[in-house]
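S.K.: Got a structure for you, questions after.
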Amino acid sequence: MEEEPAKEAERCPVRNAMAHLDSEVKEECLREDLKFYFMNPCEKYRARHQIPWKLGLQILKIAMVTTQLVRFGLSNQLVVAFKEENTVAFKHLFLKGYSGTDEDDYSCSVYTQEDAYESIFFALSQYHQLKNISLGTLGYGENEDNRIGLKVCKQHYKKGTMFPSNETLNIDSDIEIDCVHLDLSTYPQEWKNSSFFRLEFYRLLQVEISFHLKGIDLQTIHSRELPDCYVFHNTITFDNKAHSGKIKIYFGSDAKIEECKDLNISGSIQKNTQYVLAFDAFVIVICLASLILCTRSIVLALRLRKRFLNFFLEKYKRHVCNADQWEFINGWYILVIISDLMTIIGSILKMEIKAKNLTNYDLCSILLGTSTLFVWVGVIRYLGYFQAYNVLILTMQASLPKVLRFCACAGMIYLGYTFCGWIVLGPYHDKFEDLNTVAECLFSLVNGDDMFATFAQIQQKSILVWLFSRLYLYSFISLFIYMILSLFIALITDSYDTIKKYQQNGFPETDLQEFLKECGSKEKYQKEASPFLSCICCLRRKGSDDHLVLMN
């Protein structure tokens, strides 16, 4: 019985040694996995001959997504051009005396009752004989009531009396709306004799003429694409709300693309459509593979992060700082995942549009355009593997939080000037008529654009307002150009100098970097690599590798 404790004591050092050895092996494995995780693709290939699939896939995806976007952009240009050209044609067809250039935000204007009547009946007459005068492939469409024809509505105050010479006004401010439908069976001369068109201009607010037209875009055939069918909802508005002696005439055209009911087109268009659909399907497959690989990398990174946090807490009895925890979240992968999702959805919409099952060009354009933007922004990550570019990238990363905080403060001053300019200078200056225009004007002034014209266009109807405009503009330009813009540049310059010093003297070491520094040289990973890949993509970079952690 006395021999058993002695034997147990002999076993304890062995067991303790084995436990210590297991702990060291576990720590070394974790350190090696962390070191490998923060390597770039070429270093991973040199270390373990791991082929950089994600890098090759991203390069292929850039080429394919850009090609897809260019093809869709050329097709979308035809759609936009067809809509705009039809709108211009409609204005010339239905607006009497249209000069070809809009007056401010409206198309044209009239100043006499005779001109108002002539403009109204001119539009009605042109609609009636549209097929005989139009150069386009147009037809009549049904309105909301499923009727073919014109819908004319007039808004006016309730009856009353008004004598400007005696400064007397007696009118009911309630608004009445009267509408009438004019079909093609009646002629314009009959419409003129209708009592509906006896307008009392002193209480008239507006006259609105609405009608639908249908057209087919045949120019897409030249691009070997199936044509689109359009429905144009046109509205002519005679605006007399100001009662200033001037009636503004607005022309609005809302084009809606619809699926053609019966397409019978011979030639190579159908085969070309199949090729495009096959290419879009291949883009979806590539993006899906990229999505899976990047998602897998994030999942593995989160597992590695959990291992490191548990080990650090177990060994050092404290938590890892937030900065080190965020090093495991690769923002580039998240950007790629968002880009892949948008590309997949946009490509599906594009295939449906190509097959004429959908007509929503705008949503598809936003998805494909934004995804291509993210794809090209993602190229910055790979430029960061070269030291000359990495300085600029690290500078942007370091200065971004400071710049955002600075812009938030400067934005408050900017908004103050925007509201002040709108309320004071709006009645006297075209560039200060509304808040959106004021913001655009001030942003142009910050960049030194169109300064003299902004000063010169202020109307001198009020000396007080003219003096205020000078004080307003001079103070804004001096404050934003000489002070705020200079401080903005100084923030970025300061971050650039800091990064340059870090690259010369070494980056501040965090807990994660100190843990990795204890690891032996990673050369023990390296095996004899392929001469081709070593020459093409695995060139060693001069300088310290400490900033690899910052890049990832």
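Backbone N, Cα and C define each Cβ position, glycine as well.
TrEMBL annotations: computationally assigned, not manually curated.
Sharing the feature lines straight out of TrEMBL:
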| type | residues | note |
| --- | --- | --- |
| DOMAIN | 79-261 | domain 'Mucolipin extracytosolic' |
| DOMAIN | 364-499 | domain 'Polycystin cation channel PKD1/PKD2' |
| TRANSMEM | 275-302 | transmembrane segment |
| TRANSMEM | 332-349 | transmembrane segment |
| TRANSMEM | 361-383 | transmembrane segment |
| TRANSMEM | 403-425 | transmembrane segment |
| TRANSMEM | 471-492 | transmembrane segment |
S.K.: Apart from its near flanks, which chain residues at least 6 from the ends of the transmembrane segment (275-302) lie with a Cβ under 8 angstroms of it?
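M.R.: Apart from its flanks, the transmembrane segment (275-302) reaches 37, 53-54, 57-58, 60-61, 64-65, 67-68, 71, 328-330, 333-334, 336-337, 340-341, 343-344, 347-348, 350-351, 354-355.
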S.K.: Using Cβ atoms and a strict cutoff of less than 8 Å, what residues sit near the transmembrane segment (332-349) while being 6 or more residues removed from its termini?
M.R.: 58, 65, 68, 280-281, 283-284, 287-288, 290-291, 294-295, 297-298, 358, 360, 363-364, 367-368, 370-372, 374-375, 377-378, 381
S.K.: Going by DSSP assignments with H, G and I as helix and E and B as strand, what are the residue counts for the domain 'Polycystin cation channel PKD1/PKD2' (364-499)?
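M.R.: Grouping H, G, I as helix and E, B as strand yields 119 helix, 0 strand, 17 coil.
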